[in-house]
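Sequence annotations record features per position, and here Swiss-Prot assigns N-acetylalanine to ALA2. For CYS43, HIS68, GLU69, the entry in Swiss-Prot reads Zn(2+) binding site, with the evidence type similarity to another entry. For TYR49, GLU154, ARG297, TYR298, the entry in Swiss-Prot reads substrate binding site, with the evidence type similarity to another entry. According to Swiss-Prot, the NAD(+) binding site annotation covers ILE182, ASP202, ARG207, VAL271, GLY272, LEU273, ILE295, PHE296, ARG297, on the basis of similarity to another entry.
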Amino acid sequence: MAATGQNLAVVVHRAGDLRLENRPIPEPGPNEVLLRMHSVGICGSDVHYWQHGRIGDFVVKDPMVLGHEASGTVIKVGAGVTHLKPGDRVAIEPGVPRETDEFCKTGRYNLSPTIFFCATPPDDGNLCRYYKHSASYCYKLPDSVTFEEGALIEPLSVGIHACKRAGVTLGSRVFVSGSGPIGLVNVIIAKMMGAAAVVVTDLSASRLQTAKELGADFTIQIKNETPQEVAAKVESLLGCMPEITVECTGVQACIQASIYATRSGGTLVLVGLGPEMVTVPIVNAAVREVDIRGIFRYCNTWPVAISLLASKRINIKPLVTHRFPLEKALEAFETTKRGEGVKIMLKCDPTDQNP
C-alpha cells in the first residue's frame, strides 16, 4: 500500500484562523507507522484552539494540525515494527511518552510533563489524510469494530479513566453533571461498571434524551436553579445522595452543585475544564469528607475499550450525529461551534466514507 495524492490537513494558525492546507506526506521512523486516516472526531478542545488560540498554558505559536480522536489504516511500517502490517485497521492513542520517567514507571504516563499529545501545542494532530504515529500506541481493531468506534475510543477513554478514578462499582448511585460527549460516555461506562442508578443534568433537552437512550435512569434539565436546588433534585430522584459525582462541564455553578450533591464520604471527580480559578464550597466538602479528584486525559484504556466494543457490551455509535468529508472541515467546525448534535465526525479517506 502506498500514500497517493495530497495530504490535506486542518490547520489552526492563530485564534480565529482555521485553514485547509496540503502538508507533506510524512515518512515513518523505525518504530512508527504511516496511516491513511479514516475517521477523526471534532473535540471541544479543537474548537477552543481555533477560537482562542490556547488552552491554559498550551498556546498555539506556530501553525498546528488539529485532531486527536482518530482511527485509520496502516499503509507503511518502520523497520522496527513487528506487530502491525499494511492493511491493519487501528485506533490511535494520541498521548505518547517521550521518555521513561517516574510517571511512566508507575503506569501513569498521562502525567508525564514531556508527553507528546496530538493537537496540543507544539505537537501536530491527525486531522489529515496521512499521519505517522508511534506503532506502540496504535491498536489493531477487530473486524467487528468500525473505524468510527475506533475514533470514539478517545472520548470513551475519558469515561473509563474518570469512572475508575471515582471508584464506580456494583450498586453505585452516580450523578453525572453535563450530557455532552464526555458526560455521555461517563453514563455508558458507569452503567457498564455496575452503577445501580445514574442521574444526568444539562441545559439541553435533546442531549438529555440521548443520555436516557444511552442508559441514564433520570435526567434533570437545568433552567435557573441554584446549585443547592440542583443538589436537592438529584437527591429526590435517586432517593438518596449519590456516592459518586462526575462533573463534566467545568462550569462554576455545576462544580458547586456537584459538591452539594455528593453524599458525605463520597467522591467527586472533576473532568470538565473551565476557568483556572473558581469559587466552590470547599469547606462543605471538607467537613463531610467528600473526596475531590481530578483527571488528566487517561492511561491504559485502549485495550479495555476495544474489548468492550468487540464484545458489544456497550454501544457508542449513537454518539455520532453528523458526518462531513475532510474537504468540508471548516463547515464541520462551524456546526460544532453552534453546538449542533453530539459528536461530529470527519471522514478523511475519500475512497471510504463509511462508518
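Numbering starts at 1 and runs along the chain as it is shown here.
Heads up, the Cβ atoms here are built off N, Cα and C, so glycines get one too.
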(request) Quick one: among the binding-site residues ILE182, ILE295, which has the most Cβ atoms sitting within 10 Å of its own Cβ? (result) ILE182
(request) Give the maximum pairwise CA distance in Å, whole number, for the residues TYR49, GLU154, ARG297, TYR298 listed as binding substrate. (result) 20
(request) Identify, in sequence order, the residues in the chain of GLY272 (NAD(+) binding site) that are 6 or more apart from it along the sequence and have a CB within less than 8 Å of its CB; answer 'none' if there are none. (result) SER177, GLY178, ILE182, GLU247, CYS248, THR249, GLY250, VAL251, CYS254
(message) Of the recorded positions ALA2, ARG207, ARG297, TYR298, which one has its Cα closest to the Cα of CYS43 (Zn(2+) binding site)?
(response) ARG297
(request) Inside 10 Å of the Cβ of TYR49 (substrate binding site), count up the other Cβ atoms and send me the figure. (result) 25
(message) I'm trying to understand the geometry here, so how far is the Cα atom of TYR298 (substrate binding site) from the Cα atom of ALA2 (N-acetylalanine), in Å to the nearest whole number?
(response) 33
(request) Return the residue, from the listed binding-site residues GLU69, GLU154, with the maximum count of other C-beta atoms within 10 angstroms of its C-beta. (result) GLU69
(request) Can you check which residues sit near ARG207 (NAD(+) binding site), meaning Cβ under 8 Å from its Cβ, same chain, 6 or more apart in sequence, and list them in order? (result) SER179, GLY180, LEU184, VAL342
(request) Excluding CYS43, HIS68, GLU69, please set out which residues of the same chain place their CB within 8 Å of the center of the CB atoms of the Zn(2+) site, keeping sequence order. (result) VAL40, GLY41, ILE42, SER45, ASP46, GLY67, ALA70, PRO94, CYS118, ALA119, GLY125, ALA151, GLU154, PRO155
(request) Sort the recorded positions ALA2, TYR49, GLU154, ILE295, ARG297 by C-alpha distance from HIS68 (Zn(2+) binding site) and give me just the closest. (result) GLU154
(request) Select the most exposed residue of HIS68, ARG297, where exposure means the fewest other Cβ atoms within 10 Å, treating these as the binding-site residues. (result) ARG297
